[in-house]
């Protein structure tokens, strides 16, 4: 195996040493007569597969960042430990993808330089561990967080055209080491097999756009109106969730609706709280340590007023945005208390913002009384009833009778022959682009939750969704148009140009290497 022109011995040695973990010169390797065996080729193939495996996991890791705050909350409820696990995920994923990428690049350059691919046993063990770790991550995702597979399907609508271009580019770059391998291999059968596999993959990639669909492949004049914004527990990236400060920050973000959760104290006062326990968003462990594990509804209003509902936000920093708060915002956040529904309705009436809420817990033995007490507070507040969006399914008929002006929002898809004008509130994974378009045509308002990432907001915008519930109202507010919007004719032209340029580069690589 002679070195091709332009590959110096020093460069070959520098590539060989970290790959084989042997500080030996390339010339000595030649004198020893070392060659790349079928066993070495199988390890190179395994390396390539591990690289692709970790690359796919990196894609998934980026996608699930939209919902990772839910995972952080889940871990806190289980372990009472708050940590931004998204940082752990990204760091671990970056280490795995960097390691496999470096090894793959070394192997490709060694092939170009005509050096043997003698992967050291340490690298073999680490590659096997990498594959096992990623496989465990996918398995855990499938068992504990299965809905994220639907998120991946939606993400392909946002990234499909660009993944196609990236895949074609990556496979095109492989033409150089592949040509080097073909010209150095004496086995005709192996040459034919490798070439058939390579060109089958390239043809599949060249034709992939035939199966790529995205709602954002449309003309500019076909783009639906921008979806309205609903603040998930207010503006939780800018203020402690479910507080008056969070409501005011949501108003500043131009949200149309303040989404929250209502519970009722033992003395009949409806108040804002999401969790069944108070430990995550208050200092109940310090004030009432012996009662900290009790349900939120087990406290009276006097007890609830003693709790600090803002300092946790500054201490735990549930979102990175907390670090950029101004001193005045930090001071205001530290002074937050649990608000009653009456206080929130008064603030909403003054800000002309609607309120959408769940009444929790639904399985409580006194739930009907919760409904009656909540309705009484709403009616006494004087807020226009059309500003109330009622989510709870329990005793809905009672609500319709006592407060006929309230708007009802359903956490399900429409039933057969259901009247138009319906409002539905669903996870964004539960509706396809085709369903969203059909609902829009049938005058059914669709709100999807929880949408934080611009790529996801863009796909739903192009699909025609009415509104989205978000933690990141300050980000989505600034979006004037989807991240990308391509007319079908422009995408077709890009497709043809990319495929043709790739084909010419591959042919040129084989001719040049020969």
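Placement of Cβ uses the backbone N, Cα and C atoms for every residue, glycine included.
For 41-65 (among others), the entry in TrEMBL reads transmembrane segment.
Look at TrEMBL and you will find 85-113 (among others) tagged as transmembrane segment.
The transmembrane segment feature in TrEMBL is assigned to 125-143 (among others).
Residues or ranges marked as transmembrane segment in TrEMBL: 163-183 (among others).
Annotated transmembrane segment per TrEMBL: 190-212 (among others), in sequence order. When Cβ-Cβ distances below 8 Å are used as the criterion, the transmembrane segment (190-212) is approached by residues 156, 160-161, 164, 167-168, 171, 174, 178, 181-182, 491, 495, 499, 502-503, 506 of the same chain, each at least six residues removed from its ends.
Per TrEMBL, the feature domain 'GP-PDE' maps to 227-480.
Proximity of distant same-chain residues to the transmembrane segment (491-513), defined by a Cβ-Cβ separation under 8 Å and at least 6 residues beyond the stretch ends, is recorded for 4, 161, 164-165, 168-169, 171-172, 175-176, 179-180, 182-183, 202, 206, 209, 217. Look at TrEMBL and you will find 491-513 (among others) tagged as transmembrane segment.
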Cβ-based contact of the transmembrane segment (125-143) with the transmembrane segment (163-183), 3 or more pairs under 8 Å: no
Tertiary contacts of the transmembrane segment (41-65) (same chain, 6+ residues out, Cβ under 8 Å): 71, 86, 89-90, 93-94, 96-97, 100-101, 103-104, 107, 117, 119, 124, 127, 130-131, 134-135, 137-138, 141, 145, 148, 151-152, 155, 159, 453
